[in-house]
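Pulled from TrEMBL:
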- 41-289: domain 'G-protein coupled receptors family 1 profile' (DOMAIN)
- 26-48: transmembrane segment (TRANSMEM)
- 60-79: transmembrane segment (TRANSMEM)
- 99-120: transmembrane segment (TRANSMEM)
- 140-158: transmembrane segment (TRANSMEM)
- 203-221: transmembrane segment (TRANSMEM)
- 241-259: transmembrane segment (TRANSMEM)
- 271-291: transmembrane segment (TRANSMEM)
Amino acid sequence: MDGDNHTTVTEFLLLGLSEESEQEDIVFGMFLGMYMVTISGNLLIILAISCDPHLHTPMYFFLANLSSVDICFSSVTVPKALVNHMVGSKSISYTECMIQMYFLFIFGNMDGFLLSVMAYDRYVAICHPLHYILMMSPRFCVLLVAISWVITNLHALLHTLLMVRLTFCSHNAVPHFYCDPYLVMKLSCSDTFINDVTAFAEGGMIIMTPFVCIVVSYAYICSKVLKKPSVQGIRKAMSTCGSHLTVVCLFYGAILGIYMHPSSSYSLQDAMASVIFTVVTPMVNPFIYSLRNRDIKGALRKIILRS
């Protein structure tokens, strides 16, 4: 691919997290182990919720959706990295890269929207307990999830189409184990002004809107609990919201680690934040919810005893 001839790039090279073969073997083992744990852990959560009629409530409906999205989110990036390592290749075709980015946009943002929906569910349960069944009807819950899917798909389509319009010439090396949209965009030899503005304006709104909804929901919850403070009330609020808050902090902490840095630089810390966002978070979510939730632990115990 000679840069002087402006040959169009037909594939990208995913350089991974390390260029040393010994470290690559270690990373491969870690990724394989974490991916297997992610799939099995989230499938167990889905199975527990599906098999236990007592868990057929809005909160666990959203949790099952979150587990499904986490499986898909991790599956977008990790299997390709594992296959490339096994066959001794670093390449990914242009089409595969664009498809990977499309689904990264969908599932990454879907996580945020589901977390905001779950925060609203906790707000209704604590602040309006008498109207909970009416406000969080099955139809309304399905509608919230469906709207989230529509928004994230439109968002992914917009940014993927903007990426497709770019021209890539000689440079095709991506210093990551997947097609990070911002790293790929930096390789373009055409003007990325529209992409940058859209990512800042529309992309920022897509990320911040769920976060603001979460903050507002928990502000109302704190206000409700602190109006008549009691040890029992605080303990109940923490048992209800503790797992969700932990996942929210991990999810948005990773986002801050990825995007709150100068666009001209990319360091090891940024790579680690990306790993936490795309690999670690989907893996630990089932453990956070199962370890801190007696209903989930009870349902899992029943499944184990039956088997």
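Cβ coordinates are placed from backbone N, Cα and C, and glycine is handled just like the others.
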### Summary
Sequence-distant residues near the transmembrane segment (271-291) by C-beta distance (under 8 Å, 6 or more away from its ends) are 17, 31, 34-35, 37-38, 41-42, 44-45, 63, 66-67, 70-71, 73-74, 76-78, 104, 108, 111, 175-176, 178, 180, 243, 246-247, 250-251, 253-258, 297, 300
### Message
Mean pLDDT for the domain 'G-protein coupled receptors family 1 profile' (41-289), rounded to an integer?
### Response
90
### Summary
Answer key: the stretch among 26-48, 60-79, 99-120 with most Cβ pairs under 8 A to the transmembrane segment (241-259) is 99-120
### Task
Go through the chain and flag residues at least 6 beyond the ends of the transmembrane segment (26-48) whose CB is under 8 A from any CB in it; none is fine as an answer.
16-18, 55, 63-64, 67-68, 70-71, 74-75, 78-79, 81-82, 85-86, 177, 279-280, 282-283, 285-287, 289-290, 296, 299-300, 303
